[in-house]
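Below: one structure, written as structure tokens.
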Amino acid sequence: MKPFVIAIDGPAASGKGTLARKIATHYHLHYLDTGLTYRGVAHALLQQKLALDDEKNALVYARELDFNTLNPALLSSHELGNAASKIAIIPTVRETLVAKQRNFAKILPGSVLDGRDIGTIVCPDADVKLYVLANVQIRAKRRYQEILKKGAQADYHEILVNLEQRDSRDITRKQSPLKQAKDAYLLDTSELSIEATFTVACALIDPIIKARIIG
């Protein structure tokens, strides 16, 4: 039996993570936020007060990283997000983590993976590919409101600039740049609620799952 794999890509704060978790729960599939794997390496470096461009130690931490220990609450900070985007441009680290992500995708009955290069690099043969995006101003507003809800201070303009910088790094990096796979369905969440986005996604996924079962 071949695992059923759903690849979800998109820029930061596009809503892909929330969508991916809902899809994984709905279809009883495993879930991996691949961004957490890069955050995990960044966190390990920062804990040891090491530079984010320390390739030797970053590679060691990438090889030792246990996906089962990834803690979203610990790794979800704004600062670690920035650090992770810098870790992600180190070729050897990316190759190591991609290999681990591919192994995760082999787990039965299947998985939902979200990130920047799932449909293009990590799982190019995924059964379903979704590319989730939204206007950068809307993404900044969502991130701003998210931070305020946690009781923390936030500056909308700073968040907007940060997202634009992250988008630029993700899109222009030489290895595994952020881009829509040719066979991915585009979901623009700019004017959609998470429930509306989920409904659209399920309408795309359901017939593919049924075809797999019948086939």
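Along the chain as shown, residues are numbered 1 onward.
The backbone N, Cα and C atoms fix where each Cβ goes, glycine too.
Taken straight from Swiss-Prot:
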BINDING   Gly10, Pro11, Ala12, Ala13, Ser14, Gly15, Lys16, Gly17, Thr18  ATP binding site
By a simple count of other Cβ atoms within 10 Å, which of Ser14, Thr18, the binding-site residues in the record, is least packed? Thr18
So Ala12 (ATP binding site), by the Cβ count within 10 Å over all chains shown, scores 22
Nonlocal residues around Gly10 (ATP binding site), in sequence order (Cβ under 8 Å, 6 or more apart): Lys16, Asp114, Arg116, Tyr131, Val132, Leu133, Leu178
Quick check: which same-chain residues outside Gly10, Pro11, Ala12, Ala13, Ser14, Gly15, Lys16, Gly17, Thr18 lie with their CB within 8 A of the centre of the ATP site CB atoms? Leu19, Asp114, Val132, Leu133, Ala134, Arg139, Thr189
Determine, from DSSP, whether Lys16 (ATP binding site) sits in helix, strand or coil. helix
